[in-house]
Each structure stands twice: as structure tokens, then as C-alpha cells.
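Lifted from TrEMBL, the feature list:
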type	residues	note
DOMAIN	9-98	domain 'Potassium channel tetramerisation-type BTB'
TRANSMEM	126-145	transmembrane segment
DOMAIN	129-360	domain 'Ion transport'
TRANSMEM	265-286	transmembrane segment
TRANSMEM	298-318	transmembrane segment
TRANSMEM	330-354	transmembrane segment
Amino acid sequence: MKFGSSLCILNVGGRRFSFSTELMKRLPLSRLSKLHRCGSESELLELCDDYDLDRNEFFFDRHSEAFSFIMLYLQHGKLRFVPHMCELSFYNEMLYWEEEPRGPEEPRSRWLERVRLTFEEPTSSLAAQILASVSVLFVVISMVMLCASTLPDWKTAETLDQHRIIETVCISWFTAECIFRFLVSRDKCEFVRRPLNIIDLLAITPYYVSVTVTSLTGENSQLQRAGVTLRVLRIMRIFWVIKLARHFLGLQTLGLTLRRCYREMMMLLVFICVAMAIFSALAQLLEHGLDLEAGNQDYASIPAACWWVIISMTTVGYGDMYPVTVAGRVLGGLCVVSGIVLLALPITFIYHSFVQCYHELKVRSARCSHSLSTEFIN
């Protein structure tokens, strides 16, 4: 049978997917590639539930979301299960599409994949959990040393030497871990672009920069006496605490929620900026603009009034500045009520996204934990 056009439409469970005929011939899904070899209508109906040759559309009464996840697996090589779907049902969907199994992996590839999972998935094996625990321990030690280094009692020569030794050990561990994860990663470019890896680099680099600056400028140079550059580089080690997101589900959920809800976050920011511009201009006029000599000097400018607006809309209320006129206090009440309403509007979307992200990550963690328990029993 001949197809009407070079573009095929697959209607899977009411959802339409468009593919070129050449791409469908190369797809490793045997059911789709067989469509082009059908010689009669009966053969075609054995592969699909219905068809429309005029529109070149083929109908399949199957799970549409499972089909999209299978296509993502073929495109990126990473298999993800459909949320809220039984694993056996998903496996039956893969059998229906007659996905051709990939060839056996070489022992070296299996070893690299096992090592990669050990470093990337803390719950994938017993060794991964031990490695993750050691990494968390080094993060906690480095954070404690960073906080303690700001205490006056820790600024003696002997204490500073001990601090440098501990700092060097922690940095050596983080550097070795980052390099090893880079070497065993599948895609080096994707590894560099991942946010957590960028944070690792930002946390490690300042140490080497400060060591280089110290060795080049000397301890008694003007730069060392000022110490501004080195203090800035040293405080950047606070990024190490974000490394905990690699090992804790809650921090991963927070990061994934912020990434998926960036539109809602931008909408919230726009709401606040518009309200801040309006209320700050009115507050400056009512508190200072109507009486330049005896007016409230805290509201002498609109930028100064913006600070009052933001702490009022967020209901923080430091009390460092406040309106004294009747009109200004009425405006302040409206500002507080408006802030509560505007902040509450996008919260529902963010909350539902957080719950969904938490469930997805929890399901993935449960699957990894299942493989861990199997390995422990064996």
C-alpha cells in the first residue's frame, strides 16, 4: 500500500504524533516500521486499530503518555516510567510496540554505567550510599570549618594552620569526586551544563584561585593586607552546602519545582514590581511630597519608599520606617492587604508542582532503593 504523503500521523489514545515516513522506517519500534511494508488492508489492520490514508493517519487505542515516554527513551537513551502507571502495564506497552532490544553491552560499558550510577544515584547501590555518606560528611566538615574560621578565637597561627590542612583535605575530595564523575559521564558537554556540576565548579575553583593569588602576591603584599579578594573567594565556599541536593530528596524537589515554575515565579515578581512602583510613588507623595520641609524624611525619595513597600507587602514590618499621616497609614493598610493577595495568587500552582515533583522523585528513589535491597540480600 502507498501512503498519501511524506508525513505520517500516529493517533495514539487521542493524542497525535507526527513523523516523517523516512524516520518511521528507521525507528526501532517494529510495529511502526512494518506499516510501510503492508501490502493489503488486512495486514495494515493487524498493526493498527484504524487508519485514514487520505490524511495518512493511523489510530492506535493505546496509552498515549506511555508512547511518548518510549519515544523519549529512543531519542535520549534514558528510560523513565510514567507517573501513576503500573510498571507491568508500561512493560506491556513496550511489548505492544515491539521495541527491538538493544544489543548486549560490552563488559567495559556495563562497568562504566555501574560506576556512573554509584556517583550519580546515591540510592542505586550499597557502595553509592557509602560514597554519598562520605561526601555529606566532607560537606558538613567544610561548612563547620568555614563558620568557625570567622570566630576571633580561631585566628591564631596554630589554628589557621590546622584549618588549612582540613580545608585542603576537603577540597581534594571534592576535586577527585568531580573529576571522576566527569570521566565516567556519558556526555561530557551535558555534564558541564548541569546546574549541580556548575555549583561544584563554583565551590572548588575559589580555593585554587586563592592559593594561586597567595603564591603570586605573597603574604605581606598590599593585596593580602586588604584581603578583600580572598575573603570574597573564601566565602564562595558556601556553595558547598548546595551539594547536599545531590543526596537529599527535599532539596532536589525544591530545585525541580523552581525550574518548572519559573513562569509562575516571574509572574509573582511582576506583580510585586508593579505594586511596589504604585505604592512607593503614592507613599512618597503623601508622606513627603505634599510638605517638603516638614514631611517624613524617611520617604524623601521613591527608591527609599520602595523598601517600605516591600517589607509591608511581605508582612515583615521591621519598623525602621513607617507612615505618620492618616492618608499614609490608610495607604499602608492597602499595601499590606494587596501584598497578601498578590503573594497568594501563584502559590496554588507552585504547591501542586511541588507535590508532583516530590512524587516523581520519590518514585525514582524507591526504584533505586529496590535495586539496593536486592544487592544487599544477594
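Cβ atoms are placed via backbone N, Cα and C, with glycine included.
If you average pLDDT over the domain 'Potassium channel tetramerisation-type BTB' (9-98) in this model, you get 78. Within its own chain, the transmembrane segment (330-354) has Cβ neighbours under 8 Å at 253-254, 257, 260-261, 264-265, 267-268, 271-272, 275, 279, 282-283, 286, 309, 312-315, 322-323, counting only residues six or more beyond its boundaries. Counting residues per DSSP class in helix, strand and coil order gives 44 helix, 18 strand, 28 coil for the domain 'Potassium channel tetramerisation-type BTB' (9-98).
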